[in-house]
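Enquirer: Quick one: the structure is below, questions incoming.
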Amino acid sequence: MSIGLPEIRDLVDGEWGAPAVDLVLALEDPATGEEIGRARASAPEVLERALGAADAASGRIDADALDAIAAGLEARLDRLAELDAFATGVPLRQTELLAAIVPGSFRLAADQIRGGALRADRGPVEVHRLPLGPALCLVPWNAPAPMAAHKVANALAAGCPVILKVSELTPYSAVVLAEVIAEHVPAGMFQLVHGDAATGARLVADPRIKAVSFTGGVPGGREIATVSAPLLRPCQLELGGNNPLIVLPDADLDTAARMGAELLTTLNGQWCRALGRLIVPATRASEVTEAIGKRLEALRMGPPMERATELGPLVHSRHARGVRAALEGRAHRTYGTPPDRGNYLAPALLAEDLGEEVFGPVAGVVTYDSVEDVARLANAGPYGLEAYVCGADTEFALAVARRIRAGEVKVNGSSVMSLDLMTPRPAWGVSGLGEEGTAETLRFFTGARVVGVEGRFALHTS
């Protein structure tokens, strides 16, 4: 299926241009593994222009403009879904659902402005939420359009000039996003650049950037935090997870199997909240893994652009090699037969806990004898992003969930979405720094200014 990929373009200070730097990495069609060109990066002088334009830009984007952006993106949902499916390997049936997040992010940001999120007055004392300044939004390759929309919408709503850099592996949907945004915001308030980690590092190092929102791996997050520390610059870092699914002794087998299979294969296992560890009673390990395996073997593995496909290829051969390397020399079982061509990988369950995020359809199986051990097992290791509990007794499952050190713990659920639209998306340990969420991301891009006439809380020492 040919979808007509857009030309990869920068948008800098209101002007479009082609990224001038060819990277070593080849872009691929994940479904075939064929090279389709070179990855591109914005030239250093273009990055300097973008930084200068962002530093000089000012002015809030009002709620009506955000709604207009949402309307423009709504008209392009099919295009966004196709581009993300092609580039990431995620089945179209999934990217179509995720594409709805794109206009929704701008509408939510508009609603927050109208709802007074940028003011929090205490009686006669004014509390203003003001933009921090130029914001850098660094977006990964696994869900490029939704993640870019969430970050950019909130930064613009806060009044921050935005520089968006997307992954060099998946540059396409960002161009469509930028085309729509550029119609409704002044030049310099939104800019799009391209490149790899070196491009991101160059932007992060510049003191004109006053806030960094990054979703990606732990090593990249550490680098951003290290560079930002001397600047005392706020960072919002959503990083990795080795997320546990705790199957309690009374768990319904079908529910456990559904959760396990979905958490292994949503976004082809390429998401930070995917299953990393299946924690299961020793007495039920065989039946639970067998039930999960049956569901996995029933999935149709194939090209992401075909509507019947339920499990697609990994994003790039480089990434596929890394996931396969995690399996080498370890006892594991795979489920299903992948196509001969392309970056496909059959889902796998290992007989051990890898202890780290794999970012593919791979999980370790950990058994327990006493339910008293499950919290200790779930909390082992440095991560604390997401966790899942499966149990027939909901109250007991909730009690177990409250003992898990993770930003969010879902009971009997495996949705890619948060438990509630307005709850935060926190992270513990090395899984992140600073909360994300509908309200939290808008707030991240702002600082407070308090103004008022001295009143009843005054205290004078002379």
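A Cβ is built for glycine as well, from the same backbone N, Cα and C atoms used for every other residue.
The domain 'Aldehyde dehydrogenase' feature in TrEMBL is assigned to 27-450. If you look up TrEMBL, you'll see Glu238 marked as active site.
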Enquirer: Looking at Cβ-Cβ distances, which residues of the chain lie under 8 angstroms from Glu238 (active site) while being 6 or more apart from it?
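Expert: Once residues fewer than 6 apart are set aside, Glu238 (active site) is near Phe214, Thr215, Gly216, Cys272, Arg425, Ala427, Ser431, Gly432, Glu436.
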Enquirer: As a test of reading the model: what is the averaged pLDDT for the domain 'Aldehyde dehydrogenase' (27-450)?
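Expert: That region's mean pLDDT is 97.
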Enquirer: Need the DSSP three-state call for Glu238 (active site) to compare against my parser.
Expert: strand
